[in-house]
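Colleague: Can you keep this structure in mind? I'll have questions shortly.
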Amino acid sequence: MSSNQIDKIRNIGIMAHIDAGKTTTTERILYYTGKSHKIGEVHNGTATMDWMIQEQERGITITSAATTCRWNNQVINIIDTPGHVDFTIEVERSLRVLDGAVGVFDAVSGVEPQSETVWAQADKYKVPRLAFVNKMDRMGADFDNCVNEIREKLDKKAAAIQRPIGSEESFNGIVDLIEMKAIYFPAESLGSKIDIKDIPEDLVDECQMYRDELLDNLSEYDETLTDLILNDEKPTVANIKAALRKAVIKDNFIAVLCGSAFKNKGIQPLLDAVVDYLPSPTDRGELHGHSIKNPENTEVRRPEVDEMFSGIAFKIATDPFVGSVTFVRIYSGKLESGQTVYNPIKKKRERINKIFQMHADKRTELQEAFAGDIVAVAGFKDTTTGETLCTENKPIIYDLMEFPETVISVAIEAKTAADEKKLLTSLEQLKNEDPSFTFKNNQETGQLLILGMGELHLEIIADRLQREFNVGIRVGKPQVSYRESISGSATENNIFHKELAGKVQFGDVTIKVEPADYQAGVQFESSVPTKQLPQNFIDAIKKSVMDTAPGGAMAGYPFLNIKATLVGATFNENESSEVAYAIAASSAFRDACKKAGVRLLEPVMELEVVTPQDYTGDVISDINAKRGKILTMGIKQNKDLISAEVPLAELFGYSTDLRSKSQGRASFTMKFKSYVEMPTELAKSTLEKKGIYI
Ligand SMILES: Nc1nc2c(ncn2[C@@H]2O[C@H](COP(=O)(O)OP(=O)(O)OP(=O)(O)O)[C@@H](O)[C@H]2O)c(=O)[nH]1
């Protein structure tokens, strides 16, 4: 169903907090668009989009699944993303390549913490959105509260374009505020047939009021609409739709819809809204990237089929039938099976052996694919997540995506020698698929550590190793993944001048290190001019510093928040060698860090607890005992809402803790906030428990 009519494509993501109903909504979309003939349900493990065994067993989405369907003559490519914070990389990489998104909210819970995170991710990539307030059938559903929370918590201009008819058990339809019609979804037809009627009399005034509010909001974005309103003329449905489309696409205005995916209500109007208001790839405009020769120069591509090919590889997965496949969003030009494309970051050619359109874990082979399409490609060897693919004669590099820092580790060991053999290649494959996962050898203990975003993330990795890759492993307890940083500035020189491989080699490097205020590894700069030291030696120094950084200088944890500057170097015409500069750079960098004072950093989480008031006191004193800091207190659904920052080290097993403290009535969510310096004595005793003495 690939389309070379690019303005008829919508590439959308479905995103939200865990359990808001993303997968259920997507399953209904597949059913009503005729893509599937039976409705799949999350709770009985039959959802098409949750195809992994771990997803079906747990009723959660772990990996983002892609599919394609048609609605009103348009092609909609959909990516259903996970809601759990441990799988945030899936949301990040999907949003990087999507043109629009539907944020799903639970009508009872409103805007939850993970919704705030995914909305911030969508803001970063400027992805226009619609909001779907789901679960209107649940007790306590409150549509207006949800609209207000979108405005307040997500800081968005938003207005309802629908009103619910009835609520909770009696929720049975919606009013379309643009057409001013009531829409019902009779249960007998599983919602396939819809009845359009006049608005119930008791709702007419209320709906008129909300329609006026909508028009008021929209007049800011569209002069035609403003003129009509000022002249007391009635805008047509077409006028309003045009203004809304403009507002959503250009200014990130949020149109809010409602329904109940589980009860089959509200899905067809949501699909109409996707087509009417979310952008096609053309609406997103020209694409800007960097030139390969001079990264300061901009390269531009039009989102058109007759333009040079360009795309982004945003996901690598293992397909049981095809092997490794790379998901590619095509931004310009077209791809043909058998063709070769260029990866300008790896400086490698990649062959397109096969092109597939994916439907969760099923696939249809295509001979060609066009600008705007999202496809999976078999045959790539070197390309990893986030890299650009383009034509070799005029390369372009699109901005890379950001990958989150790992915060937790678990030691694993192979059960048998045969398992040992398979373990490293399996871990390599998992790492290739998932940039938020990594593994390494713990230098002190010799143990193999797997590192990731949270307990659930690593639990799923361990489970996949055993079941999918058939590797027998023993798994240790989760441990905090610490970082090292420096508390001041220092400069160190190192000279390497020795015989190596039968030849005297020379390298002289002076490096300055200073703390940097950003949550990323090490940043390298050179203030040495290339007439003093040729560029290839500066490159070797940079690579050596970057390779040294993950090993730290105190307890073997990766360095974070450090700026390293090459401030001095001498050159020896006959003896200078890249290896010698690399060796000198590694020592100079580590020594400078030690001189500057190495500190241990620990991950701190943002914790939100919702608890009945009876337990608030206990919950707060427990947070204080865990070295936590209470940030704010509020009310949510008649319960106390406590926001705090707590070190991850104190939060292992918190769900059991909180359950017993509140007799199972309090709930919590947490997400990574930042790495923070540990008090010296605590850092010392933490490391001593690991057998490291500083
Ligand atoms: N009452 C009610 N329940 C719903 C509705 N939509 C979904 N659910 C239920 O809510 C639970 C979570 O739904 P999912 O569709 O898995 O939610 P999700 O957002 O995809 O969850 P994750 O992908 O794991 O984050 C399931 O048990 C659904 O059956 C709804 O409209 N009303």
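Quick reminder: no glycine exception, Cβ is built from N, Cα and C everywhere.
What you are looking at is a predicted structure, and each value in this text was computed from that prediction instead of being measured.
Sharing the features that TrEMBL gives for it:
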type	residues	note
DOMAIN	7-282	domain 'Tr-type G'
BINDING	16-23, 80-84, 134-137	GTP binding site
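Help me understand the surroundings of these features in the structure.
Modeller: Following the DSSP three-state reduction, the secondary structure of D19 (GTP binding site) is coil. D19 (GTP binding site) counts 20 other C-beta atoms within 10 Å of its own C-beta, drawing on all protein chains shown.
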Colleague: Go through the binding-site residues D19, K22, T81, M136 and pull out the ones with a Cβ less than 6 angstroms from some atom of ligand 1.
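Modeller: If the test is a Cβ under 6 Å from any atom of ligand 1, the answer is D19, K22.
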Colleague: Going by a 10 angstroms cut-off between Cβ atoms, which of the binding-site residues K22, H84 has the sparsest surroundings?
Modeller: H84
Colleague: For the domain 'Tr-type G' (7-282), report the average pLDDT of the model, please.
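Modeller: So the average pLDDT across the domain 'Tr-type G' (7-282) works out to 88.
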Colleague: Taking the Cβ of T81 (GTP binding site) as the centre, count every other Cβ atom within 10 Å, in any protein chain shown.
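Modeller: For T81 (GTP binding site), the 10 Å Cβ neighbour count is 27.
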